[in-house]
Amino acid sequence: MLIDTYGRVATDLRVSLTDRCNLRCTYCMPEEGLQWLAKPDLLTDDEIVRLIDIAVRLLGVEEVRFTGGEPLLRPGLVGIVQRVAALAARPRMSLTTNGIGLRRTATALKAAGLDRVNVSLDTLRPAVFRTLTRRDRHQDVLDGLRAAHDAGLTPVKVNTVLMPGLNEDEAPDLLAWALAHGYELRFIEQMPLDAQHGWKRDSMVTAGDILASLSTRFDLTPEGTDDRGSAPAERWLVDGGPHRVGVIASVTRPFCAACDRTRLTADGQIRTCLFAREETDLRGALRSGAPDEEIARIWRLAMWGKKAGAGLDDPAFVQPDRPMSAIGG
Ligand code: SAM
Ligand code: SF4
């Protein structure tokens, strides 16, 4: 198992497939993009599948989430999903995506064995989408969402970040829209993981703000946390249920004590936390011919050193060098 000194067990693996993206969300990336990882530094498809196999067979991982950057930009994505689905200890598999390109790939991903998707969409207004993402792709995301739903990649969850002065007034409209389309909406508090280091705690939209705004139109009843005890989304029944809305309050109501995550970056580094400042290199071990047991040992040791919490409230908190897009959100 991937256990740490606080007794937490990591069973949920986030795999970043690329640091590149076709959007430039203001809370994530600068307009000009970033210095992308060089191709030889990226794990190959074979290396990714081997590490996932080690994680599920030797380390107790039960769930794999592919992310990025934009994971749909990875040419081998469908093949990777197919190969992971064929593993003897098949994990549950999901994908976090901006939805662009999902219209073309949803059916193939479902056929390959993907269970579900989380699609990120912050606004229902095309003009606001252009400002927030610096790209004119709003309709592509809506089409991708519909395709995912029709392909059975369900429940389709929608991730939304609210930004002050841009889309902070849209929470009730987004919830009404999600309910009408059968999507499960989850708001994520903006975190200090943008490459530009522009995050400001005093101006961010908090879980409290979001709930107050939703309550102007909906009756919300606390439902507790997600199905898995450790999931970060606190959920509310909307107007008595059965529909729900989630809020991931990583900043104002951190859930570190129940964290069950381990993360693999596209260049083969293990991270114990989004906010970790240290990484453990698995790519070097892979490429120097280490056997599976040795790689599992390095991974276990990395997780053993996981810190108690993200430390956002610590006056000494320093944002990690890698931005969200290069860690894998
Ligand atoms: N490109 C894909 C997407 O946008 O869904 C996957 C990667 S993205 C980094 C994963 C999630 O992280 C998205 O839902 C995005 O909204 C969220 N995200 C990115 N930067 C964030 C930040 N600074 N604070 C909170 N969430 C953030
Ligand atoms: Fe790209 Fe996702 Fe970051 Fe937006 S949040 S820039 S879609 S990686």
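The count begins at 1 with the first shown residue.
Even glycines carry a Cβ here, placed using N, Cα and C.
According to TrEMBL, the protein carries these features:
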DOMAIN    5-223  domain 'Radical SAM core'
BINDING   Arg14, Arg65, Thr96, Lys157, Arg261, Thr262, Arg263  GTP binding site
BINDING   Cys21, Cys25, Cys28  [4Fe-4S] cluster 1 binding site
BINDING   Tyr27, Gly69, Ser120, Met191  S-adenosyl-L-methionine binding site
BINDING   Cys256, Cys259, Cys273  [4Fe-4S] cluster 2 binding site
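Annotated features taken from TrEMBL, shown on the structure.
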residue: Cys25; record: [4Fe-4S] cluster 1 binding site; CB count, 10 Å: 20
residue: Arg65; record: GTP binding site; CB count, 10 Å: 23
residue: Gly69; record: S-adenosyl-L-methionine binding site; CB count, 10 Å: 28
residue: Thr96; record: GTP binding site; CB count, 10 Å: 20
residue: Ser120; record: S-adenosyl-L-methionine binding site; CB count, 10 Å: 21
residue: Lys157; record: GTP binding site; CB count, 10 Å: 20
residue: Met191; record: S-adenosyl-L-methionine binding site; CB count, 10 Å: 21
residue: Arg261; record: GTP binding site; CB count, 10 Å: 21
residue: Arg263; record: GTP binding site; CB count, 10 Å: 23
residue: Cys273; record: [4Fe-4S] cluster 2 binding site; CB count, 10 Å: 20
Neighbourhood of ligand 1 - binding-site residues from Arg65, Thr96, Lys157 with Cβ under 6 Å: Thr96
For Cys21 ([4Fe-4S] cluster 1 binding site), the number of other Cβ atoms found within 10 Å of its own Cβ: 23
Listed binding-site residues with Cβ under 6 Å from ligand 2, out of Cys21, Cys25, Tyr27, Cys28, Cys259: Cys21, Cys25, Cys28
CB within-chain contacts under 8 A for Tyr27 (S-adenosyl-L-methionine binding site), separation at least 6: Val161, Met163, Gln190, Asp194, Gly198, Trp199
Secondary structure at Thr96 (GTP binding site), reduced by DSSP to three states: strand
For Cys28 ([4Fe-4S] cluster 1 binding site), the one of Arg14, Arg65, Gly69, Cys256, Cys259 that lies nearest, given that the binding-site residues are compared by Cα: Gly69
Cα proximity to Ser120 (S-adenosyl-L-methionine binding site), best match among binding-site residues Arg14, Thr96, Arg261, Cys273: Thr96
Cys259 ([4Fe-4S] cluster 2 binding site) CB neighbourhood, other CB atoms within 10 A: 23
For Cys256 ([4Fe-4S] cluster 2 binding site): DSSP state (helix, strand, coil): helix
Entry from the binding-site residues list Cys28, Cys256 having the most other CB atoms no farther than 10 A: Cys28
By Cα-Cα distance, the member of binding-site residues Cys25, Met191, Cys256, Cys273 nearest Arg14 (GTP binding site): Cys273
